[in-house]
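A.B. asks: The structure under discussion is supplied below as structure tokens; questions concerning it will follow.
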């Protein structure tokens, strides 16, 4: 069935059959390409860039800031692009973001030709910031287009596409490391950048163009809704948990288990694969049984908190740290992350519609931008705080502190849902009592 390209309600576009329309298939291909390409470009830096930066005179602190500025500018750009999605155009934003992302990835490959010192550092910051802005544009547009094309199965589609995000994160570091060892610094970036650039004409041709009118609502009205503010806190905590592992887990594994450097990436594999595999399942359940979303959110956060308490494990538990236990906990963490992350987008969307936001691309842009921005906040805080705590109190206690954040957000969300349920029951009871009183008042007249 052809999709309505106007600004009608999402519910107006019914997926009457299980078979995908041509436009829906094209949207899926486009979204999968940006998820895979952007995650590979994002994760390729890890194995070898810090060493190259050190050769150019950049300190560990500066290298960390080069990594950290990505999340900060992704946050700012997501809010801007979410607000002006309708003005810019979703398709143009998607294609332009992909084009710039591919271009700056290629540019990163020639930074070894730049003179060492402040010039190298400044160019690294500029290229990394441009990459963050382009990624924010493409992902914000991608979320909005997906929600427009699949109004009745947003969580299923987003969950399924996390397979490609997981693949990008899994394939990026080993592929980058192999190309770096075989051909030198330039080739990994130029190779991946060219692949992303080749996707641009494909997406220009196949991606549908959805038009819409600008809305009257703002990010401020969206984020000041109590339920959405709490969900944003949940997104922060989960993103921070992922980010925490980047600067800390590899060091802990190398110190504790004396593993060869090449095997450290395999430890991360358990987390990425379990997340990618479980996400489609939780997406499907979130769409088929919508009332389960809230409990996925709460339970997923609590399980995540438990995982971080056991990662070290925390010394008060008196459990000996073992490699098999660490890998098992990371696999469980991947499942719990899928359980709690996937329902957040549809939960924010349904809450926005319940509170008077118009149904169309304008609201989808705000929700997409908010989700990306809140994820970026956690992606910035997680590695920054994690690195600091690791130095001060060690991995075991640092992981426990991180788990405490997830536990707090999960319990806060659970308490809110219980309060919301009680309010709805009270309102329903008052309506029933009011109806009975009206009927009683009318009885004498009827007699």
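The backbone N, Cα and C atoms fix where each Cβ goes, glycine too.
Values in this document were obtained by computation on a predicted structure and should not be read as measured data.
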A.B. asks: Taking 65-85, 422-442 as the choices, which stretch does TrEMBL tie to transmembrane segment?
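C.D. replies: Among 65-85, 422-442, the range TrEMBL annotates as transmembrane segment is 65-85.
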A.B. asks: Would the transmembrane segment (65-85) count as touching the transmembrane segment (397-419), i.e. at least 3 C-beta pairs under 8 angstroms with sequence separation of 6+?
C.D. replies: no
A.B. asks: Which range wins on Cβ pairs under 8 Å with the transmembrane segment (25-45): 92-111, 154-175, 323-342?
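C.D. replies: The stretch with the most contacts is 154-175.
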A.B. asks: Taking pairs 6 or more apart in sequence, does the count of Cβ pairs under 8 Å between the transmembrane segment (228-245) and the transmembrane segment (323-342) hit 3 or more?
C.D. replies: yes
